[in-house]
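Colleague: So that we are looking at the same thing, I have put the structure below in structure tokens.
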Amino acid sequence: MGTLTGLSTNIGALLASMIGMPQIFGTKNLWPYGYYMEMIPCLMLICYAIFILHESPLYFLKQMNESAAKESIQFYNNWKNDRQIDDETERLKIQQKNNEEDKEIKNIINWRKFWNNRATRRALFLSILLNCTVSFSGIMAMVFFGTALLGAIGFTSTTASLANCLAGLSGTIGILIQAITIDKIGRRFLLLGSLISLILINLGMMILVWIFGQYHYSWLGYCFLLLFALFLFFFSIGIGPVAWFIATELAEPYCRAQLQSLSISAQYVTCFLCPIIYLPLEELIGPFSFLIFIIPLTITTFFIYYYMPETRNRSPEEIHHLLESKR
């Protein structure tokens, strides 16, 4: 599911870069239409949620509306057999009753264990670190300022916009490959390979921008475009989608929801902060602004290498033991 979320985000970003091209809506007069286009899927989702989707069966059972709960079960499972629906309704009733009895004490115990358990604290630290590093990997600069970066190294506004869109295809290809291989390759390998690649690519971009500023060789723009495409590919094949779900694999069931919520929240907050920090820094120190990405990537690579266990094909108990035993 984390991979599918990343794929959806990647496709959305690719479509947005296409809509923002000068040949479509990326002009002084037509840019508002890009926002109008954005409203279409939002309105479709709202209408689908209001008029087609059902509330969860548990919600209806809490409202003492058993008939609506059965309709919801039938809708989401596409069951026609009344016996199956009745059995599922009874199972959910028992689950709801158990949840209500244990809810208050469970919350107290969960949060106490959450902070006192070494393995859980380490899982929280690693998942938040990864999600913050997603924002400070350079992806925000590529998404928000990709056309400007390409323009700064010799492309015209039209060719920079087209190159930005075409480079986005490499990210889509990367995440499609990741979706196929995610269950065949270890998470550590994907993360470390992606992180090290992004460090080298950011370093290469910094050097190219500095050389272009000194000598203005036009061919450097194509080298930068190649690194730009490679960046999106390695981001999409590793840290980008893995960060979405790694918290659920590192955490034990009792605190999985809390870890996932906190780690994704950290990514959203840092996604907001990164462009705000990067733009004035780029104006201040030029190509050396890439250090804001190289340094966090390097630190995260160190922590992942020494402290994060492999999670593929391992039970929560095994992962918990490995997290607890690492020094």
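Glycine residues also receive a Cβ, built from the backbone N, Cα and C atoms like all the rest.
Here's the feature list from TrEMBL:
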| type | residues | note |
| --- | --- | --- |
| DOMAIN | 1-312 | domain 'Major facilitator superfamily (MFS) profile' |
| TRANSMEM | 7-27 | transmembrane segment |
| TRANSMEM | 33-54 | transmembrane segment |
| TRANSMEM | 123-155 | transmembrane segment |
| TRANSMEM | 161-182 | transmembrane segment |
| TRANSMEM | 189-213 | transmembrane segment |
| TRANSMEM | 219-247 | transmembrane segment |
| TRANSMEM | 259-278 | transmembrane segment |
| TRANSMEM | 284-307 | transmembrane segment |
Colleague: Quickly jot the same-chain residues contacting the transmembrane segment (189-213) by Cβ under 8 Å, restricted to those at least six beyond its ends, or write none.
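Modeller: For the transmembrane segment (189-213), the far contacts come to 130, 133, 137-138, 149, 152-154, 178, 182, 220-221, 223-224, 227-228, 230-231, 234-235, 237-240, 242, 286-288, 290-291, 293-294, 297-298, 300-301, 304-305, 308.
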Colleague: Mind pulling out the one from 7-27, 33-54, 123-155, 161-182, 259-278 with the most Cβ pairs under 8 angstroms to the transmembrane segment (284-307)?
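Modeller: Between the stretches 7-27, 33-54, 123-155, 161-182, 259-278, 123-155 has the largest tally.
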Colleague: Counting Cβ pairs under 8 Å to the transmembrane segment (219-247), which of 7-27, 33-54, 259-278 comes out on top?
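Modeller: Highest pair count goes to 259-278.
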Colleague: If you average per-residue pLDDT over the domain 'Major facilitator superfamily (MFS) profile' (1-312), what number do you get?
Modeller: 83
